[in-house]
Amino acid sequence: MADMDPETATNTAGEEEPLFSNLDLFLFSLIVGLVIYWFMSRKQPEPIPEFKKLDTLTPTTRETSFVEKMKKTGKNIIVFYGSQTGTAEEFANRLAKDAQRYGMKGMSADPEEYSMGELARLAEIENSLAIFCMATYGEGDPTDNAQDFYDWLQENDDENLSGLNYTVFALGNKTYEHYNAMGKYVDKRLEELGAKRIFDLGQGDDDGNLEEDFISWREQFWPAVCEHFGVEASGDESSIRQYELKVHTDVNMNKVYTGEIGRLKSFEVQKPPFDSKNPFLAPVTVNRKLNKAGDRHLMHLELDITGSKIRYESGDHVAVFPTNDSELVNKLGEILGVDLDVVISLNNLDEESNKKHPFPCPTTYRTALTHYLDITNPPRTNVLYELAQYASDPKEQENMRKMASSSPEGKALYQNWVLDSCRNILAVLEDMPSLKPPIDHLCELLPRLQARYYSIASSSKVHPNSIHICAVVVEYKTKTGRVNKGVATNWLKNKLVNGHKSTVPMYIRKSQFRLPFKASNPVIMIGPGTGIAPFMGFVQERGWLKQQGKEVGETVMYFGCRHKNEDYIYQEELEAAEKNSVLTQLNVAFSRDQDHKVYVQHHLKKNKEHIWKLIHTDNAHIYVCGDARNMAKDVQMAFYEIAEEYGSMTRTQATDYVKKLMTKGRYSQDVWS
């Protein structure tokens, strides 16, 4: 108490005063009130954007309902397509367009964009019909965009499709083991689930004349549809435009597509993941000629994928997006008398369609003809039919309409004048001088330029940041004396290492063509010519596995070419692999170095006993890559003979034996025709 102020001491001794005065309490309440008000006012707006976000989800949900879209737009026919190279999509568009000529309304649809579980609901629409244009890819597989639909068909045994009317047109190639497998499966499976087939399965063979197969089927299909639904064809054979032209006179060039596949400026600002809609621009680091002599050009390219996060396995395919030859593009501009650098958009007249433009818009005619449209393949009959109206010479117009007809004379003329003569759209325009179509209609009709697939010729274990391509440049003289050049191979050939525009838009397509899970399993590789490509990756990988100390089974190679001193490609690499015992056996057939032709199948027959031991006793895996039309069949016959002789089987038993190897994944093919 000695240190306490006397006044304070007096107050303490007297009546005790409150801890806070009235003023203190007032100020405290004011501060608390202000704090609460501040918090409340700050939090109040928060729920508003949340409700807005919820609202935007509704249209997205509706977008996956093709039934709702058909009801909204008064459509009763839907044409789904499973397409890898664009042909099935093109046929689907043609069928959807046809519907209008038969007094109905159709739309084409990508099954990947819609909920296919809604097929049962199609019965809600009167006189409804689902058409399926289904291509088969690889070893009887669905195309990428039809994979989910295929899975749905397989998994839904309890689905009731009794109200669904359908028909299927299958696209394939008879040289392949599983001809039209996807189309046949869809046709059979829909029937199993209760759907009603209203017209027989159509089958198109790309090894023959796919266009003729389609036209013949279509000619019978539409009358059958009219009869089924009790409707009459409108008889309207006039041209029906799907897109309208808009010319942009005042446009920001930063908003104009210059060759991008998907997102605008995606080639300037690259963002993973990279796929078919967002390819990676890979620089070309190596481009060398493989053959020592001869009139062909076989080439080896290496693409740098550093920093792309792209992963691949040996046996996968690399897809590249080529561009058309500028000389062809310029000639088209000249013959049609147009300024190719005009900025345009082609806008779908059906505002409800998911496909707003036939290719990325706005763009220039030059970009469209260079990057987006196929100008080198012979035009299909529907293109000739639509363009015929622009021929001022009655004889030329008559011939074009005739070629587009289903008459035997018309089919023969189309086969001879267009297909056998390999006339592309430029050649058609040159040889029919009175034909002057508007360029926008031509651009609407031409199919999209497609990606090209190559078997990867490297192993990611050895080359994680590089993808190798092995290809032969396509160039030939036609019956009309013109020189036709393969789009992709000539474009790749001209890619200069570290030069201007030396990048390649690419992505990876996964494959089932895989080395055995157990490295100790022997492998037998058969790949003449550029069919050796995936096996270069296999050899690199088997060598890497040996270096890792793994037990690696026998690695046997059968390669073939014309002449040892001309086109024995990768000779140094193969002989080095044999010397290092990575290849336990290297068999090379030089077909034209002697009087009689010697092919890979002849070498297989020479080693029958060893091959039978590898397959039957040692659980070997067989791989065949290259030509489907002759080589793959001849090789398969050689295996039948080996099974007959050393397995004491009949031809039927030998065939079943090889088929079982295929089913078990021990006989794989990566073939093309």
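The backbone N, Cα and C atoms fix where each Cβ goes, and this holds for glycine too.
Marked as FMN binding site by TrEMBL: 83-88, 135-138, 171-180, Asp206. Per TrEMBL, NADP(+) binding site is recorded for Arg296, Thr530, Ser591, Arg592, Lys597, Val598, Tyr599, Val600, Gln601, Asp634. Under the heading FAD binding site, TrEMBL lists Arg452, Tyr453, Tyr454, Ser455, Cys470, Ala471, Val472, Tyr476, Gly486, Val487, Ala488, Thr489, Trp672. Residues or ranges marked as domain 'Flavodoxin-like' by TrEMBL: 77-222. The annotation domain 'FAD-binding FR-type' is assigned in TrEMBL to 277-516. What TrEMBL records for 20-40 is transmembrane segment.
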| message | If you count other C-beta atoms within 10 angstroms, which of the binding-site residues Arg296, Arg452, Lys597 is the most crowded? | response | Arg452
| note | Span of Arg452, Tyr453, Tyr454, Ser455, Cys470, Ala471, Val472, Tyr476, Gly486, Val487, Ala488, Thr489, Trp672 as binders of FAD, largest Cα separation rounded to whole Å, comes out at 23
| Nearest to Tyr454 (FAD binding site) by Cα, among Gly86, Gly138, Ser591, Lys597 (binding-site residues)? | Gly138
| field | Tyr454 (FAD binding site): tally of other CB atoms within 10 A of its CB | value | 22
| query | Once the chains shown are all counted, how many other Cβ atoms turn up within 10 Å of the Cβ of Asn173 (FMN binding site)? | reply | 21
| query | Of the binding-site residues Gly138, Tyr179, Arg296, Gln601, which one sits closest to Arg452 (FAD binding site) when you measure Cα to Cα? | reply | Gly138
| Recorded NADP(+) site residues Arg296, Thr530, Ser591, Arg592, Lys597, Val598, Tyr599, Val600, Gln601, Asp634, farthest C-alpha pair in Å | 24
| the domain 'Flavodoxin-like' (77-222) - residue tally per DSSP class, helix then strand then coil | 64 helix, 35 strand, 47 coil
| remark: Of the binding-site residues listed (Tyr176, Tyr179, Tyr599, Trp672), the greatest number of other CB atoms within 10 A surrounds the CB of Tyr176
| task | For Ala488 (FAD binding site), just count the other CB atoms lying within 10 A of its CB, please. | result | 21
| message | Under 8 Å between C-beta atoms and at least six apart in sequence, can you list the same-chain neighbours of Gln601 (NADP(+) binding site), or say none if there are none? | response | Met631, Asp634, Val635, Met637, Ala638
| field | Listed binding-site residues Gly86, Asn173, Tyr176, Tyr179, Val472, Ala488, filtered to Cα within 10 Å of Arg296 (NADP(+) binding site) | value | Val472
| remark: Expressed in Å to no decimal places, the gap between the Cα atoms of Gly86 (FMN binding site) and Lys597 (NADP(+) binding site) is 38
| For the binding-site residues Ala135, Cys470, Val472, which one has the sparsest Cβ surroundings, going by other Cβ atoms within 10 Å? | Val472
| note | Whole-Å Cα distance, Ser591 (NADP(+) binding site) to Val472 (FAD binding site), is 18
| said: I'd like to know the mean pLDDT over the domain 'Flavodoxin-like' (77-222). | reply: 95
| request: Pop the Cα-Cα gap between Cys470 (FAD binding site) and Tyr176 (FMN binding site) into the table, whole Å please. | output: 22
